[in-house]
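J.: Handing you a structure now.
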C-alpha cells in the first residue's frame, strides 16, 4: 500500500487551498493522505459546504475511500482509486464557489481514461475565489498553451449569498504537458472594464465603470502603461436576467502580449459603487506598477499545472503565503522542486524535476 502523506491544514495560510491541492494530487499520484487542522486559519474552521462538495466530487471521480467527510470536520483521510472520465454533476447547496470545486477535480481529469464533463451548481462570482470569467479568460488560455484541452462554460451567474449559479467544464485527457515560461507580460494590447448587475440598479454599474475610468488619467506618472492605455478601455455595463441576483461584480481585464490578467471586486450591501471600483483600480495599478508578468492570484493557480509539467517559470510582484503554502503541499506529492528567488522587482518562481 502507498505511504500515507500526513498534512497539517494549519500550516502557512491555513485555508482551503491546502485541502484542494491535496485532493487533486492524491487523485493524480494515487497517494493517500490524512489531514488534520483543516482550515484552522479561518474564522469558521473545518469543512464548509464548498469544501465538502470538493471532497465528495473527488471521491466520486476516483472511487476513493474517505473518512471525515462531514460539515465542520477538521480531519480527513482520503485513499484514492483510479480516475474515471465521464459525466458528473455536483451541487454545493450554497453560494460556495463552483470554480474552486472545478479546480479541485479538473487536474485529475487531465489524466482520466476518457473525456469528461463536470457541472457544478453554486456561486460563480465570489469574493474569495476566482470568478468564472477569470477561469475562462485568464487560466484556461494558459492551460491550452501547456497542452491541456479544457473549456468552461458559464451556465448561470450566481452571487453571494443566494448562489443559484452553475458552470460546466468539458475536458479531454492530456497526452503530455508542456512547461510555461512567463517572465514578461509584454505590451498592453487591450483593457476592458465590465460591470455585471443582477437585480441591482443600472446606475450602480455606470458609477463603477466611470470611477474606474477616472482613476487612471491622474495615476502616478512613473507607471507608464496607465495613462497610455486605461482611458481607452472598453466599457460594458451588463444587466443580467433570470433571477440570479441580487449581485454585482466589477472587473478590469488587461490583455498583454504574453497573457491576460483580470482584477475583480464584488458589490456588497453598505459598500458604495465607488469603493468597489477603487478596489479594482488599486489591484490593477499595483500589477501594472511592477514588471512582473503574473498577478498574485494567478500565481497561485499556476503552481499545480507547472508542477505536473515538471518545468516552467514566472515572475510575480509578491510571493504570498497562499503561494508558498501551495508549493509546500505540491512538493509533498510530486518529485519536483520550486525555487522562489527575490529580484529587484519581485520574485522569480521556477519549477524543475
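The backbone N, Cα and C atoms fix where each Cβ goes, and this holds for glycine too.
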J.: Figure out which of 74, 75, 103 sits with 297, 298, 299, 300, 301 in the ATP site per Swiss-Prot.
T.: 103
J.: Have a look at the recorded positions (297, 322) and report the one with the fewest Cβ neighbours inside 10 Å.
T.: 322
J.: Where residue 297 (ATP binding site) and residue 322 (active site, tele-AMP-histidine intermediate) are concerned, what is their Cα separation in Å, rounded?
T.: 9
J.: Can you list the residues of the same chain, besides 103, 297, 298, 299, 300, 301, whose Cβ falls within 8 Å of the ATP site's Cβ centroid?
T.: 130, 139, 296, 302, 303
J.: Roughly how wide, in whole Å, is the group 103, 297, 298, 299, 300, 301 that binds ATP, by largest Cα to Cα distance?
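T.: With 103, 297, 298, 299, 300, 301 as the binding residues for ATP, the largest Cα distance is 14 Å.
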